[in-house]
Amino acid sequence: MSRKWVEEESRHWVERGIITEEQRRQIVELYPYKRSISERLPIFGALLIGAGILTFVASNWSAIPQLFRLLLIIITMSGFYGFGYRNEKRGAKVLGISLLALGVITFGAGIFLTGQMFHLVAYDARAFIIWSLPAIILVWLYRGRLLYFLVLAILNAGQLYSAISFQQFSWLLLVLLLAGAGGYALQNRQRIIFTTLTPSILLHGLLYLIVENQAVGWLVLIASILYTMLDWLSDRPARIAGQLGALISAFFLNVFFIFFLGEMGNEKVPLAIVFFILFAGAFVLSYLGKRRHGEALTLVEWTVFLPFFYWGAGGDVMYLLILFVFSGYLLWIGYREDWSNKVNAGTLLFLFSTFIGYIQVAWDFLPKSLFFLVGGLLLFALNAFLQRQRRKLLHDEDKGGGQV
């Protein structure tokens, strides 16, 4: 519900004697104003300025004397940090955080440009480790989402760079992710922070498996353990948000298995006895955590973690079925709880699952023009049905809200 709707409806509640004016004020304060576009402009401005600085310096770098290069980096970085600190202290938090983020970006650019200037050769992801440290410090000091997302971007990019360029996995980057970003998430308990943290952890897990030439199926176990750990988090919105990130990651991992399971040999499958012992232990702990919160029904979500890659040839069909079960579950629980966000997510995933299933079934034998034509008509029909159900839910919510 929006603050505007609550303000308007609560006046009627006061007039009808349901609540007092003081209670109305307290209820309205629970719904903060949403950020307007004008409040987000400094963030977009920071991104554009950062891109402009990087492209300008990169295109003219060789023409600038070395001393001026160093001075340019130091002055630009110090200026962004100084003005960011000053604006944040004055109360212009969005502008201040944006300038501080620009300082972090300039610092990272300075690391790589200085290395290029003095012909320094990197053999690991040390540059990204150094780059992430001021970003982590700043996100703990100023608690800005933009800084947090910047930390995730640096750490994830560093791990990707290490895996692709050096075929190495940086444990220090993982520690910084868990301690720096994960610790910050536990302190703040914001939904968007938890939703983005869990896929980042799983990305590091995937890169470790690739570098060490381990079976990708282990990522299913990592995702299920991460999901289980969140079951013991007391804050419900943060718990649901973090688990949503793990579930969606597992959902798309299932899509990977649908297309590539047939090409995976037995040597690419995790050791079964170890996998199932750990998987069963995680399931039991998850059940205990859910029972503690009175949410045993959500055990259905574990279907997305089921390891059908052990089935071999028939596993892709089971994974396709799981896509429909999981997206259908989101739709059902959304309608059951009158939760429009889950209905929207379930609608999108159900449409995506239908498209994946259609590709699997029809790609080989239908003419390509007919394939796309029928697929488009099918998605339009499904979308029309699901959107009608969603509008009905929202209409029922509005009617229910007006009868309070």
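Including glycine, each Cβ sits where the backbone N, Cα and C put it.
Curation plays no part in TrEMBL annotations; they are all automatic predictions.
Annotation comment: TrEMBL describes 12-147 as domain 'DUF2157'. Among the features that TrEMBL reports, transmembrane segment is placed at 41-61, 67-85, 94-114, 120-141, 146-163, 169-186, 206-228, 240-262, 269-288, 308-331, 343-363, 369-386.
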Could you tell me the mean pLDDT over the domain 'DUF2157' (12-147), as a whole number?
82
Seg_contact(the transmembrane segment (269-288), the transmembrane segment (206-228)) with at least 3 CB pairs under 8 angstroms, min sep 6:
yes
Two-stretch contact, the transmembrane segment (343-363) and the transmembrane segment (146-163), at least three Cβ pairs under 8 Å:
no
Which residues, given as numbers and ranges, are at least 6 beyond the ends of the transmembrane segment (308-331) yet have a Cβ under 8 Å from it?
217, 220, 247, 251, 254-255, 257-259, 261-262, 264, 269, 272, 300-301, 342-343, 345-347, 349-350, 352-354, 356-357, 360, 386, 389
DSSP residue counts for the domain 'DUF2157' (12-147), split into helix, strand and coil:
110 helix, 0 strand, 26 coil
